[in-house]
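Copied from Swiss-Prot, the annotated features are:
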type	residues	note
BINDING	Arg155, Ile156, Asp175, Met206, Pro207, Asn212, Met233, Ala234, Arg235, Asp259	NAD(+) binding site
ACT_SITE	Arg235	active site
ACT_SITE	Glu264	active site
ACT_SITE	His296	active site, proton donor
Amino acid sequence: MKLKVFNVREEEATLAQDWANRNHVELSMSEGPLTLETVNEVEGFDGIANAQIGPLDDAIYPLLKEMGIKQIAQRSAGVDMYNLELAKQHGIIISNVPSYSPESIAEFTVTIALNLIRKVELIRANVREQNFSWTLPIRGRVLGNMTVAIIGTGRIGLATAKIFKGFGCRVIGYDIYHNPMADGILEYVNSVEEAVEKADLVSLHMPPTAENTHLFNLDMFKQFKKGAILMNMARGALVETKDLLEALDQGLLEGAGIDTYEFEGPYIPKNCQGQDISDKDFLRLINHPKVIYTPHAAYYTDEAVKNLVEGALNACVEVVETGTTTTRVN
């Protein structure tokens, strides 16, 4: 069996080769993305493992079909970069890695939340200026006294809820599907609006859909509890960034922890030091004094990277051997 792997980082290459040696599979790895210019590299292979960031060109699907490719295994949980229906029309199975390390994202969410609540960024900035005074702007709150709303109570949302619960928080949640594992961990409310009205901290853990794109806009932020904090470790399109910045400037929100930005594709994960960034909203976001921005790094742990690499490659093998996979999304 021969598999083609795109968008491979050095750390992934080592893990992928270890997997290949154990499973007696031939791998060809490329640092570059799957594009119209590179799609011919797939000729003669049985499957593709990919880490697509921006939208995959629609013209690629029929070309893959012509070459006999029947699947793309995405090395992430999110698959919004693929045209799932078009892929299906061309007989291409798209799979993901739905549960590579919920704890990684959950722990990171709570870490950033604590940094915001205890004003760590401001304290560190003061210390760099040799300002060691105790003043009102650096006074924090006790996390355990806060009500936390989890929007999206799947694997990651529930893992996050458990940690907040461990701090003593009251945890409420909203999801169109109630998770039976959430009993005793959080209380479900009837709407997103009800959740944000009650919460001191709102944490997003939902996949992007046409219905929830820019759900968190200025109208929604006006319904937030005064002084609340927003955490988005899910997908950038859930939040209308211009409105978030306005809500922060107006004092509707006290702060925001943002790990995903809707138009991050040109920048993440790249080293852009010394380069001009043309996206003014992105610049405002990453430099806003009330925002802790991180570059889609919430998942980034040893465990998660290993599980993503091996999960995608296992899905490739499963499709080749059985015609489908348990992690199929289309």
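Glycine residues also receive a Cβ, built from the backbone N, Cα and C atoms like all the rest.
Listed recorded positions: Arg235, His296. The one with the lowest count of other Cβ atoms within 10 Å of its Cβ is His296. The residue listed as 'active site, proton donor' is 15 Å away from Pro207 (NAD(+) binding site) when you measure Cα to Cα. Met233 (NAD(+) binding site) falls outside any helix or strand according to DSSP and counts as coil. Around Asp175 (NAD(+) binding site), the C-beta neighbours below 8 angstroms that are at least 6 residues distant in the chain are Ile151, Gly152, Thr153, Gly154, Gly157, Tyr188, Met206. In this structure, Arg155 (NAD(+) binding site) is part of a helix by DSSP. Cα proximity to Glu264 (active site) (within 10 Å) is found for the following recorded positions from Arg155, Met233, His296: His296. Within 10 Å of the C-beta atom of Met233 (NAD(+) binding site) sit 25 other C-beta atoms, taking all shown protein chains into account. Here His296 (active site, proton donor) is positioned 8 angstrom away from Met233 (NAD(+) binding site), judged by their C-alpha atoms. Around Arg155 (NAD(+) binding site), the same-chain residues six or more apart in sequence whose CB sits under 8 Å from its CB are Pro98, Ser99, Pro102, listed in sequence order.
On the backbone, the CA of Arg235 (NAD(+) binding site) and the CA of His296 (active site, proton donor) stand 9 Å apart. Most Cβ neighbours within 10 Å among the recorded positions Pro207, Glu264: this distinction goes to Glu264.
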